[in-house]
């Protein structure tokens, strides 16, 4: 224990202690005994003079109660008298004062005549208030929860913040080699290297990929919400470069259109200024938009748009602040209560009289009546919403449910309308091939063995060579072969293999050998319909085993390999509603244009027939998605003329898409109708009971689909969106508001009827 040196008075001459000594000794003894602390009193040496008090304080004198150096006190007694903290424990004493003689008070330390009713000082306000606030467990709990979000490992919410996105490192190709730079320092014209599963930081033109075919797949769910992978193709002239450094040495330039909102369209030109002096048109298939993710291989690209000019930023709007109806009602009630408080305060001030500082009294009355506004109601509602959110996320009947906003959970009980997409929402977006119709005969899922038999017979027949014309009578066998061959070739599907098969597939077809005969292949495409068709042809006996930018290889039913050159590819778009491909059979040198699309656009393209429209309606009533397939054989002269006109249109800067489409439409005349296919999109699990329960609860459900009217009606009935007892009223085509009003009045007269509105009427 620390020793406290004390300075004390000398005993009187008569060896009797003075009153001051007695009181001081008693007080010190009582204080130390009350504190139960062992102190050592060290007696100082005898003074040389006969003075009553040793006026020189000890050099290390320290107060035992307030730990303050007692430089102003002459002895321990005066130090104890001067300490406020000891005054409470020593009690009060009687005193004798001399009127008008303040000098006599120097021997006694009395407090100053200052009244201090304030609780805080300028120095103690912040620490004391913080301590008192967070001494309440509820406040401390929310403080700890808020501070926990500064720890990255337990942070919730957005996976990426702006700082993290801007500081991600990427490889760029320079004349000094490969360098690592943060995303915020990327500039237009930089050649960037993107690895698999890496986010694309800017809009780029794809120059080269690690795949020999020059293709790669990207995930665009963060851009357009679609989970299917998209195929992207590198510029052909740069894909053939032997070294990566050649991308900088060829002296190329890119013309890119001005930044646009459209994510499904792009117009540009790649110009090579070296010895080759070539120009190549660029489309959306040659681009990687920002915020997409590379799903396969390694990609090399040139940046064309950055920052606010990228497609993702231009299509991003600031989220609105969503407030529930309950919050709005409470907010309005709070305003009414506040108005009542102000009015009541004015009445009280009026009764008192508007004289003097009446506005002060007004504000005081407002403070006094502020308890009318129930502040705890706001807290209770927020706590209830949090509890509701917890129950929703832990409900065993709806597993894997994620509550993204706990401020509007009670709004689920107020829902009156529900808008839903069909594909991927009410259905699983998993297509199953169900029917093949050839005009005179239809094959269902129970007659696939018969199709396999006919296909095997067709391939056993003698195949003509290059110089021999293919003269064959149109029988059911040849028609089945043409239909299945068209389905196996007219698509944008890419086969995906295991890593150990890459070396085998890179060999020429003649050198692949038996290794390629039995291995399994999986398919990747942007449309599940195409995967369903190609998977079905594989089950029948015609398998797609290899595809790159310029060629395609099929495996026949007898394990023979069929090789084709891809001359042109016309992808599917929402405007054209069809896709086409021009291929050349390497065995016969025959050039064929295959086309498939929706029946609404294909009816005017194919040759006259009397069964297509009726069979499309029959399949639609079964809930099947229909697809019409046709072909046209081209001569070498016809294709050469078409290729020249198409190349000229692709190099146009203005109205390029329209000019390209005009050239393609010159081929889309009098095509031979091959077949009509029907695929089924499986319904989601428990979708029938869910929709029926919502409908019985009074929720009005709207389903949006791009299918035919018959298909949409069939899906609505099969999913229980429309009950079997309900009638269906279809809006007639309307042109103005009066027609729409008349149709709505006709619908109101119906009882228990579902409403169907066509897209033309909505426009």
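Every residue, even glycine, has its Cβ placed from backbone N, Cα and C.
Nobody curates TrEMBL annotations by hand; they come from automatic prediction.
Per TrEMBL, region 'Disordered' is recorded for 1-21.
Residues or ranges marked as compositional bias 'Polar residues' by TrEMBL: 12-21.
As annotated by TrEMBL, domain 'P-type ATPase N-terminal' applies to 98-156.
Per TrEMBL, the feature transmembrane segment maps to 120-144 (among others).
Per TrEMBL, transmembrane segment is recorded for 336-355 (among others).
Per TrEMBL, transmembrane segment is recorded for 361-381 (among others).
Feature annotation from TrEMBL assigns active site, 4-aspartylphosphate intermediate to 421. Around the Cβ of residue 421 (active site, 4-aspartylphosphate intermediate), the number of neighbouring Cβ atoms within 10 Å comes to 13.
According to TrEMBL, the ATP binding site annotation covers 421, 422, 423, 530, 572, 596, 625, 705, 706, 707. The Cβ of residue 423 (ATP binding site) has 17 neighbouring Cβ atoms from other residues within 10 Å, across all protein chains displayed.
Residues annotated as Mg(2+) binding site in TrEMBL: 421, 423.
Across the structure, residue 625 (ATP binding site) and residue 421 (active site, 4-aspartylphosphate intermediate) are spaced 16 Å apart at their Cα atoms. For residue 572 (ATP binding site), other Cβ atoms within 10 Å of its Cβ number 19. Around residue 706 (ATP binding site), no same-chain residue at least 6 positions away in sequence has a Cβ under 8 Å from its Cβ. It is 21 Å from the Cα atom of residue 421 (active site, 4-aspartylphosphate intermediate) to that of residue 572 (ATP binding site). Of all residue pairs in 421, 422, 423, 530, 572, 596, 625, 705, 706, 707, the annotated binders of ATP, the farthest apart have Cα atoms separated by 25 Å. Every protein chain considered, the tally of other Cβ atoms within 10 Å of the Cβ of residue 625 (ATP binding site) stands at 22. The average pLDDT computed over the domain 'P-type ATPase N-terminal' (98-156) stands at 77.
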